[in-house]
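Here the structure is laid out as structure tokens; the discussion comes afterwards.
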Amino acid sequence: MLKQVFETTDLKNSFQVEIGTYARNVDPSVLIRFQDTVVLTTTVFSNKKNNFDFLPLTVIYQEKFYAAGKIPGSFLRREGRSTDHEILSSRLIDRSLRPLFPKEFRQEIQVINTVLSSNPDFKSEIASILGSSLSLLISEIPFFEPVAGVYVAYIQNQFVINPNAQQLTNSPLHLLVAGTKKNVVMIEAHASEVSEEMFLEAIVFAHEYIKKLCLFQEDVQKKVGQTKKLIDLDAELQSLEKEFNEQYHEQTRTLVANVFEQDQKNDLQVFKKKILAKAQQKAFVKTIDQITFFDVEEQKNYLLLIENLFQKLFNQEMRNYIIKNKKRPDKRTLEEVRNLDSQIDLLPRPHGSALFTRGQTQSLAVVTLGTLSESKIIDDLSGESNKRFMLHYNFPPFAVGSIGRYAAPSRREIGHGNLAEKAILPLLPEENDFPYAIRVVSEILESNGSSSQATVCATSMSLMAAGVPLKRAVSGIAMGLFMDSKTNEYVILSDIQGLEDHIGDMDLKIAGSDKGITALQMDLKIEGISQAILKQAFFQAKKGRLHILEHMNKTIASPRKEMSQYAPKVQMFQIKPEKIRDVIGSAGKIINQIIENHDGVKIDIEQDGRIFVMHSNLETVKQAILFIKNLIQDAEVNSIYHAHISRFLNDKAGNILGAFAQVSPSIEGLIRFSKAKKENDVVKIGDKVLVKCVKINERGRIDFVLISKK
């Protein structure tokens, strides 16, 4: 493909798209330029047919340190495994694209977004969504609807598209929206207790900009787009599916009705076994005209296919029943939340713990408090920073009664932990008010849907139990949607369980306090939803959230005044930055003495003069702070001090003119003798004395008079 360049013209901040220059073994690759940010997107797909019952799409987002003119800080000085930020960004892009592929398409696709140049004032994920969509759109892959994403902030009473870093710092709203010309397909947001109304306004505002980016992509497609590949449907499989549905449709519909009306869930397994047994009898016949025999592997694949056909038919009948009858499999009403149970203080040694159970979903949240020096160090394209609040989400296989591998956290675990972390963060106290690093681990002990929102609830209660002065309690809820694509009839479900999530069309997670929303995430399995549906889901979620908060407040309504006896005690105080060297001393001599003399107390000193002192005993902390304050205090005229003689002042002839008395490393003054002496009979070096400050000149030099010698 020849090099071609396109540029958005009707947008305030223009994107430039270059096609046909880079990565020419890929067809196509797209280079996006926006405000010094450059992202290369490549798309490759396999012609091999797969028997997957899902779309094997892999999206990778990677940042190169050279993009910001930096050398990696790792030992090897090169990029390593994906960071949490890269994983979360990959998930964002994936969630924006996946709903728009035809359900029948099953060929493997890999989309890679590489950040080659980075402007810290612009979110590279926005360029990556645009590049990924455009790359797929102009390829022969059956991807027909362009998608685009924008970031929205709220600055000085107005919404701002793709704000810079400074604007984001001052915004109560951080919203990323992806959508097509017609609908929104993905939302990711965190906020400082923002109302549902503001969120909805921001989404509408974002969608107007998204439409323009989608139209731009369509214009590019008309000029350079390839002919789309036809989806090669297996005629034999289609025939088998049609025959299967005709044979079992009515029985499956009756079975679904029995599950809903009479709670006959055992009938499902009996019916399924009956179908598989019948299929097994036919498994040796491969053709009609000539009898041949399946080998063992073919028999296995055939039975798996029949099982998948049954599950597909059953799921569709379940969906139809829920939409038509407005009923749920577990007999709840559409807005009803599952049974709730919560406890705190389950574990004696950790600094705080809480167990939150909602139906068959259960999260155990455990809090650990530490010094700020134990904060997580993040080194990325925007520079090095510290993260004092960490929430880690673990989903072991036993949570769903399975056997599985224990390995590094999965993308899903990282994503769920990040969502819960963002939900809690706005309610945490400021660093100066609560100078601790905080780590929360959520162990999912049972799971039947909405475990990330159970994590939010358990974390909120565990922090209060640990004595962390959380401003308000935070709860979360997951909302679902079932929509008939032919009639547009739909139902919205509150607090979805696993089955409803699996066969439904939407997973909308909303967390917040009684004052507003703090985190939001929406994923779809359909090509988008209207503003009306979104509005209904938001306010239905609010009702459920407040119900859950009411329950949580019965367990613990406010943070404890006292922390656990096993939690470290940290206090912070401020000194002048120029006094830091007096606390540290030459080669760390003084600070090491302070630590040694105060039972190994931990001391962290920041460049701005803040000092954090930590120990398990509060009295030890106070003694260390008092010692440091005395150490760096400034001298005052007429004040009396305990000191020691540190050295003498001599003239050129060697006569002793006076002696220097040191009170602390920052206070040293001169005791002047009435007349010069060859030999001093008043004091000796090392003598302990009591002195009075009588003068401090304009250069800060101190004069003492000797009161007495000890």
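Going from the start of the chain as shown, residues are counted 1 onward.
The backbone N, Cα and C atoms fix where each Cβ goes, and this holds for glycine too.
Straight from Swiss-Prot, the features:
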| type | residues | note |
| --- | --- | --- |
| BINDING | D501, D507 | Mg(2+) binding site |
| DOMAIN | 568-628 | domain 'KH' |
| DOMAIN | 638-710 | domain 'S1 motif' |
Review point. Tell me, how many other CB atoms lie within 10 A of the CB of D507 (Mg(2+) binding site), whichever protein chain they belong to?
Key: 22
Check your understanding: What mean pLDDT does the predicted model reach across the domain 'S1 motif' (638-710)?
Key -> 87
Study note, to complete from the structure: Mapped onto three states, the DSSP assignment of D501 (Mg(2+) binding site) reads helix
Exercise for review: Just give the helix, strand and coil counts over the domain 'S1 motif' (638-710), going by DSSP.
Suggested key: 0 helix, 48 strand, 25 coil
Revision key, fill the gap. Simplified DSSP label at D507 (Mg(2+) binding site) comes out strand
